[in-house]
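Have a look at the structure below, then the notes.
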Amino acid sequence: MEEREWGARSARAGSPASPPSPRLDVSSYSFDPLLALYAPRLPPIPYPNAPCFNNVAEYESFLKGGRTGRGRARGTGEPASAGTSTGTSTGAGSSSRARRRAAPTPDPERIQRLRRLMVVKEDTDGTAGARRQGPGRSKKAPRNVLTRMPLHEGSPLGELHRCIREGVKVNVHIRTFKGLRGVCTGFLVAFDKFWNMALTDVDETYRKPVLGKAYERDSSLTLTRLFDRLKLQDSSKKEADSKSAVEDSTLSRYSQTSTWKVASVWGRGDTDRSSHRRSRSVPSSLQASAREESRSELSGRTTRTEGSSVGGTFSRATTLSRGQSRKKKRKPKVDYQQVFTRHINQIFIRGENVLLVHLAQ
């Protein structure tokens, strides 16, 4: 504050003819910038057209490049009397503010240099110029999976695009958290750079993942094991079909023999009836004796058959109850090696599950 008051007094005391103080002279070694900032009027500048820079970096770039149009010219105020010092100071302050607010004049050399550095990408058919000349903003071409697929030519993804163009079937090996899951054979429709695929008309051969304790004991699945298991299942199915056909034929034969036995029983009943009719002509005394003998024989037979039937039914009941208890104790056996096949109209396979892709033979 003392320096400020001292600078103000010295400026008021000085006459227009007297030389400026060395502390307010810009070209002097004893120049005091703080005192010049708090002075009531601007100190005289030896070069009135000197450019004004915003910071030191801008000044360094000016020294390196030699550009002269970046700065703003600042004029020097004429010395005024002590009475008109306040008016001149306010006028100089307003003019400096207006100059600071004004935009800097563009440098034509710099603009030409930037234009030379710009690279214009023109299309082969010359449509870029027509787009720029046309009114309004030009529409960008759509960018999606279908437009990016042809850009992978000359790479493994380019071979996938060739399979799409030519309609070649592909085999896609997919995996689970442990190893191989199965093989999908179908026609490729779309893909992306992450190997996500969409297929149609797919035949899948797969095995369900092994869980529980069998996961630790089970060996990793391979293609040979997968298809060998499938062949084994097909052969076992054929054997089961042949066995079922043989059983059907034996059942049909058994049904025919049972019908023949029933017919023979019916024939015996008819013969018994005819013999009964003939026995009516026999005397009553002979008929009574024959009836008593037949009754005694029938009673003996029934007692034997009842005992045997009771024992047989009891033994059968015990065996059935034991068999049922055993069946309840037994757990259903799960075949973890079973291979399944199915047909899918369309399927999406994530790229993280793809192991291998090759052409179907």
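Placement of Cβ uses the backbone N, Cα and C atoms for every residue, glycine included.
Looking at 50-63, 344-357, the range tied to region 'SM 2' in Swiss-Prot is 344-357.
Within the listed segments 1-26, 209-234, Swiss-Prot records region 'Disordered' for the stretch 1-26. R41 is the residue among R41, R116 that Swiss-Prot labels omega-N-methylarginine.
The domain 'Sm' (155-230): residue composition by secondary structure is 23 helix, 30 strand, 23 coil, according to DSSP. Outside the region 'SM 2' (344-357) by six or more residues, the chain places 160, 170-175, 180-181, 184, 186, 189, 192, 194-204 with a CB less than 8 A from a CB of the stretch. Of all Cβ atoms in the shown protein chains, 19 besides its own fall within 10 Å of the Cβ of S21 (phosphoserine). Cα spacing between S155 (phosphoserine) and R41 (omega-N-methylarginine): 75 Å, rounded to the nearest whole number. Taking each Cβ in turn and tallying the other Cβ atoms within 10 Å, the top scorer among the modified residues R41, S155 is R41.
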